[in-house]
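Report on the following structure.
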């Protein structure tokens, strides 16, 4: 089966031209299909635009597939957010085909992509080139990927990684503080990344995405005002579903 070519990406870019986007992340290692279906339904009601499915540790094909199928019932597009080439499902709409820009491990820079490319082709998944940049806390993603997280107080380093990611073909530039991070990616890092990416002429072609550590409407609003196109939250949907709609609204209305 041929790989789907940018159909979902083009829809997301078109939707971004009308307003900011929010994605809800579900980790199959922590969430079974039953709960995943409930989280996805709540996310749709709260105004989320897509569901990301993936995790950094010990996720199997079967776990991923079950969660993807459950999340699809929400009516939202489901995008794989793989921690490795085993995080796959033919029922997903697309996969973030990501490179960890600040990893010291060749596996996460290119080897996982080589292993994952034929699988994406076989499953007919749309591959969305994604430059993944781990900032500050980093969480499990930073540890597993052997990343050198960008220090919170060095926004210019985040911006250089974002610019390089765009120049290397990334269509999603993802600044990640890590699941359960004590604080989000600094707005200064988002603003600096936005400025460089736009100056290089990639502004309308990429989605500057931020995730990790966002728990309040105020934090979401600050990231929006700094220039983020997409906000990703995961822990919030699992632990504080009542706050999700407020965070989504704050991000989209800023």
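Including glycine, each Cβ sits where the backbone N, Cα and C put it.
Worth saying up front: this structure is predicted, and the values here are computed from it rather than measured.
According to Swiss-Prot, the features are:
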type    : residues                                              : note
BINDING : 27, 56                                                : Mg(2+) binding site
BINDING : 174, 175, 176, 177, 178, 179, 180, 212, 213, 234, 235 : sn-glycerol 1-phosphate binding site
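Shown here: features listed in Swiss-Prot, placed on the structure.
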residue : record                               : DSSP class
27      : Mg(2+) binding site                  : coil
174     : sn-glycerol 1-phosphate binding site : strand
180     : sn-glycerol 1-phosphate binding site : coil
213     : sn-glycerol 1-phosphate binding site : coil
235     : sn-glycerol 1-phosphate binding site : helix
Residue with minimal Cβ packing [other Cβ atoms within 10 Å] among the binding-site residues 178, 180, 213: 180
Lowest local Cβ density (other Cβ within 10 Å) among binding-site residues: 27, 176: 27
Cβ neighbours of residue 174 (sn-glycerol 1-phosphate binding site) where a neighbour is any other Cβ within 10 Å: 26
Cβ neighbour count (within 10 Å, all chains shown) around residue 235 (sn-glycerol 1-phosphate binding site): 17
